[in-house]
Structures are given as structure tokens and as C-alpha cells.
Amino acid sequence: MLVLGIDSSTQSTKALVVDADDGEVVAEAKASHPDGTEVNPAAWWDAAQSAIAEAVQKAPGRVEAVSVGGQQHGMVALDEQGEVVRDALLWNDTRSAPQAEALVERHGAKELATRTGLRPVASFTITKLAWLAQNEPANADRVAQVLLPHDWVGWKLAGQPERTWTDHGDASGTGYYSPTTGEWLPDLLADALGGRSPKLPTILGPGEKAAVATLPGIEGATIGVGTGDNMAAALGLGLEPGDVVVSLGTSGAVFAPAEQPSADQTGTVAGFCDATGRYLPLVCTLNAARVLSSTAQMLDTDLEGLSRLALSAEPGAGGLSLLPYLEGERTPNLPEATGTLTGLTGANMTPQNLARAAVEGMLCGMADAIEALRDTGADVRRVLLIGGAARSEAVQAIAPGLFGVDVDIPEPAEYVALGAAKQAAWAHSGAAAPPAWEVAGTRREVGDDTTGPAVRAAYARARNQVHGI
Ligand SMILES: Nc1ncnc2c1ncn2[C@@H]1O[C@H](COP(=O)(O)OP(=O)(O)O)[C@@H](O)[C@H]1O
Ligand SMILES: O=C(CO)[C@@H](O)[C@H](O)COP(=O)(O)O
């Protein structure tokens with residue numbers, strides 16, 4: 001039996017057709033999304049249709065089930081007719097930072113963390129709705145329903161039926177959901193939206209069937225509940241206790257499976273749910289893969305060239321440290337920040353050192369995130385490195401020393417789409433648990449580079465010097 005997994009992430013939609021017996025990928029396709037932090041969801045739908053049509057056309061048989069993993073938190077506001085009220089504000093749009101602060105002031109960080117598992121930052125949906133209410137009240141008046149990106153794409157696959165739905169994983173990134181009760185918190189939603197109370201999607205359980213597809217090429221296929229992209233990656237990787245994932249896409253996301261919900265009132269660790277009925281504490285930065293592509297552009301080279309340059313420099317980049325806050329930052333919470341390069345001298349200002357500082361700077365943020373997870377009780381026995389920038393040889397070689405732990409690099413693959421495919425197979429089977437597919441070709445890089453702590457200390461000094469933290 002064939003199943004289809006969709007990853008509707010920040011930069012693109014990926015579609016994988018997978019053999020449900022063993023998880024083998026038999027066909028795949030990809031279509032780009034526009035740049036920017038506000039996007040008309042129609043662009044995701046165009047990309048989904050194109051990637052699905054191509055993948056299905058290459059597939060050796062009929063697709064029986066489909067599921068969508070999507071970039072988390074994006075605000076998809078719909079009117080009474082089901083039309084989008086305005087472009088979606090994405091997880092990496094920082095305009096709602098003042099509204100995040102105001103929510104914390106009004107309710108208190110402890111109360112919000114206890115109720116929602118989160119301390120609001122600009123990424124979370126609730127702050128975007130508060131921004132809408134304050135800045136575009138006429139649009140806020142038209143909001144009849146709020147969905148997340150994966151909810152919306154799944155609903156389009158089903159031909160926009162009366163019922164909308166979501167899952168616990170993606171719901172846990174809104175700021176108006178309780179990970180402890182598994183229910184919406186409509187009072188917080190109404191509070192953010194200036195007293196307005198739009199409808200919310202039905203929250204379905206992890207392996208449930210949500211609907212049936214109407215899209216030509218996959219008509220009649222079972223639609224699984226879908227989830228956030230990080231929850232889908234966790235499902236695709238089949239994580240064990242002691243595993244921590246570092247996902248280097250547009251965002252740098254670090255997460256680990258957990259049996260209990262978490263509530264970090266400092267806001268470093270977001271207390272999300274996963275896609276299996278458990279939990280997924282997660283630390284996220286706004287600056288990962290694009291730090292490397294921007295640096296490559298600055299050095300007039302490509303991503304392979306950047307990797308070669310970085311590997312030809314000494315650890316520590318001759319004394320350069322890059323604070324890579326190119327898009328502002330979420331962790332640490334510095335929405336207005338820009339990037340900073342410190343330690344420049346006439347001798348160290350080489351392309352090699354600049355390339356190395358970019359890779360080290362991005363990875364130092366991930367190393368801090370691993371430590372933050374450890375501080376909340378996560379048992380870090382190995383790190384799995386995934387996402388677009390995990391394909392970089394320099395990243396693969398430099399990460400273990402900075403993380404101070406062995407790093408496993410699974411065969412480069414689309415683990416979000418694979419997790420979505422697994423969820424589709426689960427929904428179609430009606431089984432109590434998802435299928436256990438093996439992750440292909442994992443390679444280990446050993447974390448025994450003794451220069452890592454000094455590089456991290458230099459990075460921490462630079463951050464303290466520039467931002468006082
Ligand atoms: N070999 C590579 N080295 C560094 N970055 C890479 C490499 N291959 C892909 N990328 C980067 O990965 C990013 C896309 O990763 P992906 O995980 O698909 O992102 P997202 O899920 O946010 O859409 C792009 O920014 C791209 O430049
Ligand atoms: O905001 C978060 C997690 O809280 C991001 O991880 C988004 O879910 C986007 O993911 P990518 O497109 O970068 O994979």
C-alpha cells in the first residue's frame with residue numbers, strides 16, 4: 001500500500017510517496033514557497049498541488065492515505081465563507097513582539113506557562129491574533145475561524161468540508177491550548193482578539209482519520225490528522241528516550257521526546273505536545289539554514305564552497321564570533337536584534353574565518369538549546385541532525401565538538417514528510433500505534449573535539465558584550 005506525506009514548511013512543500021509496509025520512499029517532488037514572513041496561503045496550496053501531482057505521477061500505484069506536516073504557529077484567519085482574511089503571519093514574523101510582552105504583563109509568565117506550556121513570544125499564534133486585533137480591527141472583525149498552516153492545507157485536500165480539524169501537536173503551539181487537559185483555552189483566545197470568539201478546529205487524536213481527499217490524483221484517500229513540522233519529524237525519526245533532534249531548516253529547532261508536559265516560564269523551552277499522545281519540549285531559533293546561505297552569498301560562493309572554506313579555517317575562526325540574529329531572534333528573545341560579527345582584526349578577516357564563524361555561530365545557538373533542554377530534565381544521549389543545512393559537510397563535522405555529544409546523521413531525507421506519511425499509514429490502518437519503519441543509513445560523528453568549549457565561551461562573551469545576556 002502507498003501513502004503520501006506532505007511537508008508544507010517555510011521555504012517549500014515536499015511530497016513523498018512511501019511504501020507503508022517498510023517506509024521506503026518510492027517517489028518524491030518539491031515546490032517552492034514565496035519568501036517573506038507573511039504569505040497568502042494560496043501559495044502553499046499551489047505548491048502542494050504541484051508537488052503532489054508530480055509525486056503521484058511518478059508513483060508505481062494508487063495512494064491510499066495522506067497526511068500533512070506544516071510549519072508551526074502561522075496565523076491562518078478565515079472569514080464566514082472560508083476565505084482567508086489576510087495573508088498569514090508566519091512563525092518567523094516578529095511584528096507581534098509587543099503583543100507578546102503585553103500578554104505576559106497582563107496574565108503573568110507563570111500563569112501562562114502553567115496553562116499553555118508557553119511563555120508568549122512573537123512566534124506564537126496568540127500574539128499574531130493580538131496584533132491583528134490592535135492593528136487591523138476591521139480584519140479582526142471578519143475572523144470567523146483560526147487555523148494553522150497544516151490544518152488549512154489538510155482542509156483544502158478534503159475539498160473544504162464543514163468540519164475543520166487539528167492535532168494536539170500543532171494546537172500546542174498556539175498559546176490558547178492546554179497540554180495538560182488537551183483542550184482549547186477559548187478565554188485566552190478571546191482575550192487576545194479583543195473579546196472576539198472565532199471558531200476553533202476540532203482537536204483529533206494522533207492516529208485518527210480526519211477526512212477523505214477530493215484532490216484529483218488522490219481522490220478517496222484517507223486524510224490523517226496531520227501535525228506541526230517538528231512533531232512530524234519526531235514521528236518520522238521514531239525517537240527513543242535519550243534522543244535529541246537538532247533540525248536545521250529555516251528555523252533551528254531542538255527537541256526531545258518526553259512523557260510529561262513542561263512549563264518553562266522563562267520561555268526558552270516551549271512545552272509542546274508531540275504527534276503520538278506524548279510531549280515534545282522544544283527550543284527554536286529564527287536563524288539556521290539561511291545564516292549559511294546569506295554568508296555564502298556575501299562570500300560570493302555556493303553552499304559547498306562555504307563548507308570548504310569553513311573546514312579550511314581553524315576552530316574558533318581566528319577569534320571571530322558571529323551572533324547570527326539576521327532575522328531578529330526568538331531564543332534568546334531579541335526580536336529587534338540584528339547579526340553581529342565580533343573580534344575582527346586585520347589578520348583574521350579571511351573568507352575562511354568568516355565562513356567558519358557563520359557555521360560556529362549558528363551551531364553555538366543550537367548547543368545552548370541542547371543545554372536548555374538538559375536543564376529541564378531531558379536525558380541527552382545522542383543528537384540526531386536533520387533539515388536542509390544538516391547536508392553541509394562543515395555542519396556535520398563541527399557540530400559534535402560544539403554539542404559535546406555524539407551526533408548521528410541519518411541519511412539526508414525529508415523527515416517531516418516521512419513522519420506525515422507514517423501518520424497517514426497509521427490513520428489508514430486504524431492500529432493503536434504508528435508503523436515502525438527503520439531510519440536508513442545513520443552515520444555517527446563523535447563529539448570528541450576539545451576546542452568546542454572555548455568556541456562556545458567566546459560566543460557567549462560576544463553575546464554578553466553586545467546584548468548583555
Ligand atoms: N548542503 C547544504 N548546506 C547548507 N545548507 C543547505 C544545504 N542544502 C540545503 N540547505 C539549506 O536548507 C534550507 C532548506 O531546508 P529545509 O529543512 O527544507 O527548510 P524549511 O523546512 O524551513 O523549509 C535552505 O535554506 C537551503 O539553503
Ligand atoms: O516555529 C517553529 C517551531 O516552534 C519552527 O520550527 C517552524 O515550525 C518552522 O519550521 P521550519 O520551516 O524551519 O522547519
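Positions of Cβ are set from backbone N, Cα and C atoms, glycine also.
In TrEMBL this protein carries:
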type	residues	note
DOMAIN	3-236	domain 'Carbohydrate kinase FGGY N-terminal'
SITE	ASP7	site 'Important for activity'
BINDING	GLN72, HIS73	substrate binding site
ACT_SITE	ASP229	active site, proton acceptor
DOMAIN	245-427	domain 'Carbohydrate kinase FGGY C-terminal'
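Within 10 Å of the Cα of ASP7 (site 'Important for activity'), the following recorded positions from the list GLN72, HIS73, ASP229 place their own Cα: ASP229. Distance from the CA of the residue listed as 'active site, proton acceptor' to the CA of HIS73 (substrate binding site) is 10 Å. Only GLN72, HIS73, ASP229, of the recorded positions ASP7, GLN72, HIS73, ASP229, place a Cβ under 6 Å from an atom of ligand 2. Every protein chain shown contributes to the tally, and the Cβ of ASP7 (site 'Important for activity') ends up with 29 other Cβ atoms within 10 Å. On a Cα basis, GLN72 (substrate binding site) lies 7 Å away from the residue listed as 'active site, proton acceptor'. The DSSP secondary structure for ASP7 (site 'Important for activity') is strand.
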